[in-house]
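Here's the structure, in structure tokens; my notes come after.
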Amino acid sequence: MTKSRKLTTLPTEFLEAVPVMDVLHQHGYEAYFVGGSVRDILLGKKIHDVDIATSAYPEEVKQLFHRTVDVGIEHGTVLVLLNQGEYEVTTFRTESTYQDFRRPDQVTFVRSLKEDLKRRDFTMNALAMDTTGNIVDLFEGMKDLDNRCIKAVGNPSERFHEDALRMMRGLRFASQLDFEIEPATYEAICEHHSLLDKISVERIQVEFEKLLMGGNRKKGLDPLISSGCYKYCPELADKKENLIHLANLSNQPFESVELAWLVTLAALDIQPAQVKAFLRQWKCSNELARLMTQSVKALQQRLLTGWRLDLLYQSGEKVITLVETACPYFGQPSQLSESLLSYQQLPIHSMKDLAVTGQDLLGHVKQPPGKWLGDMLNYFEEEVLFGRIENDQEKLLQAADLYQKGDN
Ligand SMILES: Nc1ccn([C@@H]2O[C@H](COP(=O)(O)OP(=O)(O)OP(=O)(O)O)[C@@H](O)[C@H]2O)c(=O)n1
């Protein structure tokens, strides 16, 4: 497929954007599809959004369309609203000086497609496609796609000095696309990994998660470790051995980001009490941190001794499902349906399921509300869960009398 220099049929995502490009053409400007969508369509993958690059300057783009939004005008990007769609149109540009290794210090708008493609990270990302499906391939991107190879455009050191994140992007593409990193590009990553020091955690996190979620994770993790890039990922600098362990687990793709983090945290031997601090360094959400704290704890126990009743109860279906799905990565078969059944068969699933409420107890015991009430409910919760008292109102009220007498 990638041998062809022309796509015979354009998918809808591209066709819908053609009217935008037609307007640009009618006014004498060039316009092409560029970036990830061109790469992905040539690989037969699903397209997210299409990016359009043009020789028109941002102000010129804005004059041609009734409805536009300045989404990143300093970098040349204007959002064009046409018919029912929204299209990012970016002026051809060069990015000359990158003093902070992050963002181009100086964007220069140019009229030449070649100049624009030449500043892009990898040859497979430096392809352009016109509205008829013709591929413009100035840097042998098609050959590299065919060879399943990630190769920097031009001099890799220059590309990584321009934006150090590109090294992490290269590793994540290796995992996502199941591609090899070309030797000179890999060597430059080894040489320049410390430039990642300047990159924000948020951007590294995005690439790391994509790497974990890729179809061939090992292909991204191995060079992440061997190149030294891992040292610039939060909290991983002294985790080389654990990362190797992670890379050598089953390479079965993760079906969710939560599962990816759970297996990663367990392989890295992060203890439940450390999970929150660890994920905070990664700028992950508090919600994920809470879920992972519970899940790491439950996974440890599941792998060691199997589920305990109280842990099933505290975990709930979401954590049980995650943990069971993680088990095969650590050499234990998943017992998802059995564990969910055990959970469903618990006598209660929360305190709300108790056959008595706080109000019932207040009415029965005839004591002003106080700490005793919470203690009693906690006691009943445990007794009912472990089957020592039946979840029946009458039985619980009798038990309340005994409890009051200190007879529990
Ligand atoms: N650090 C970067 C980021 C992006 N690009 C260029 O900008 C395009 C669009 O970038 P982006 O949307 O971030 O990534 P994609 O390559 O489209 O991949 P994906 O959508 O899978 O993240 C890339 O293809 C590449 O040509 C680049 O050269 N250097």
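Glycine is treated like the rest: Cβ placed from N, Cα and C.
The structure displayed is predicted, hence computed values, not measured ones.
What TrEMBL records for the ATP site is G36, R39, D163, R166, R169, R172, and among R93, R111, R120 the residue it adds there is R120.
Proximity to ligand 1 at the level of Cβ atoms, with a cut-off under 6 angstroms, picks out G36, R120, D163, R166 from the binding-site residues G36, R120, D163, R166, R172. Neighbour list (G36 (ATP binding site), Cβ cut-off 8 Å, at least 6 residues apart, same chain): H48, D51, N125. Long-range Cβ contacts of R166 (ATP binding site) within its own chain (separation 6+, distance under 8 Å): D121, F122, A152, R159, F160.
Largest Cα to Cα distance within the recorded CTP binders G36, R39, R120, D163, R166, R169, R172: about 20 Å as a whole number.
Secondary structure at D163 (ATP binding site), taken from DSSP and collapsed to helix, strand or coil, is coil.
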